[in-house]
Amino acid sequence: MKVIENDAAPSTRYGLLAINNDVDRLLARTTTTYCIKTIAFALLPSPLQRRLAPSQFKAPRLHPTAYLDGLRGLASLSVCLLHYTSNFAPRLNASYGISDDKMHSSPLQLPFIRVIYTGRPFVHVFFVISGFVLSLKPLRLARAHNYADLHTTLSSSVFRRGLRLYLPCVASTFISFWFMHNSWGFPPFVKGGFWPELAHCLHAMWVFASQPWNWDKRQDPPYDGHLWTIPIELSMSMLLFITITGLSRCKTWIRLAMTMAVIWYTLQCKHWAPAEFLTGALIAEFGLIQDEYKNAHAVALDQATDLEKDSDDIQISHPSPAKNAIGTAWKTFWWCQLVIALYICGWPIANAHKVPIFRWLQQRAPDNPCPDTFWFIPVSFLIVGACHQLAPLQKILMTPFVQYWASISYALYLMHGPVMHAVYFTMEPVFRMNGGKDGAGFWGYHFQWFAGLWLIGIPVVWASDLFWRFVDQPCVDLARWLDRKCN
């Protein structure tokens, strides 16, 4: 489901270059200078590397469903901007036209625009995407009654899933620990020097590793609270694999009905994450049914074309106006659903009860301390479903710009918190220029927000790019290697 990363030339694996004619123009031939410049080149962000040595990088081939990776990348970016805005411009968390101070509302607070940094609904989108991606191949094999390959696929997925999710988290936690040890951002949790601090970090990682057993009781890991979603990802992935295994031999309509029944059951039990993963699987199966119908129709049309060549009496049936109207109505339906979902995605963190629409939604949510979470569940279904049904939207999500965010999405999610706190000091001159963090006026507040996108955003994205190439990709490769060696 992701961009195929092995298409890079061997010399550019993880951003490292080998000697060849193109590289000789950039790097001197002396060994010492070459090593220094090779390391410096490897530390550059990958888009800049591609600009400096384009012949070293093949254009990545995209899977047909790479648009979901693009959606995941944009979702990760929105989560990052949520935490950035909450730390550096918390006034923007209120809805447009609703403010408790004298400053005018910002255009950034308008509906749909504020989706850029609301972030919270996109955590739920993560889970629906994961359900879709993890279930697509097993469901395709189940529909083909290829149970031998289905067993191999599921066993491989179960084996690799924990390694793929947790190994990068171990690395990012140690990075956070190192930042704290050097007082970059937050101070250490314990006193006494390096070894007591390391012992505290290792204990925190052990507690974090045990959280999949207690996933529905949210516990923010101390070294990076944003990792609270990872135990949910792991436990719900296992539940998804079990569900697919149990229903793989069922008829299609029975499997769909049983999946919907389990979704209903989990919602009645007030467990939203299983419903989101299983809905991702449901969308994937409906997509496979659509693909089979389209392929069968295309084969029938080809056969009719061949027959027409042999006989003048046979007429090829073309789509009727009624079918075209149904297709247009179907696409219009999904565009409307997307608009509604994006509006609800703009649910403000502060003062939502003062907005009539959100107050109405709050009043109709089940008894829950977070009524917005209830509405983010169907919103996540609608967004992923719309992306699956609307080809123009898929083209946007498969552009190189969006696919770059897709590539670094997990790294960005893991690294934005530690790096953001480590480089917090870069914003202090901006705050002083505007009379303090909360004392800026209308224009000064906007200047703070946009200035921070550069002062904080560049280090965050750069660190995420490095983490993606030197930690995330090797962890994926290690999990695959171990899977091969153990089988």
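Numbering starts at 1 and runs along the chain as displayed.
Each residue, glycine too, has its Cβ placed from N, Cα and C.
Among the ranges 253-272, 373-392, the one that TrEMBL lists as transmembrane segment is 373-392. Predicted-model confidence for the domain 'Acyltransferase 3' (66-468) is 89, expressed as mean pLDDT.
In summary, the transmembrane segment (163-181) does not lie against the transmembrane segment (122-142): fewer than three C-beta pairs, each 6 or more positions apart in sequence, are under 8 Å.
For the transmembrane segment (404-427), same-chain residues at least 6 beyond its ends with a Cβ under 8 Å from one of its own Cβ atoms are 2-3, 5, 46-47, 66, 69-70, 72-77, 79-80, 83-84, 87-88, 168-169, 172, 175-176, 179, 184-186, 223-227, 448, 451-452, 455-456, 459-461, 463-465, 467-468, 471-472. Counted as Cβ pairs under 8 Å, contacts with the transmembrane segment (373-392) are highest for 122-142 among 122-142, 227-248, 447-468.
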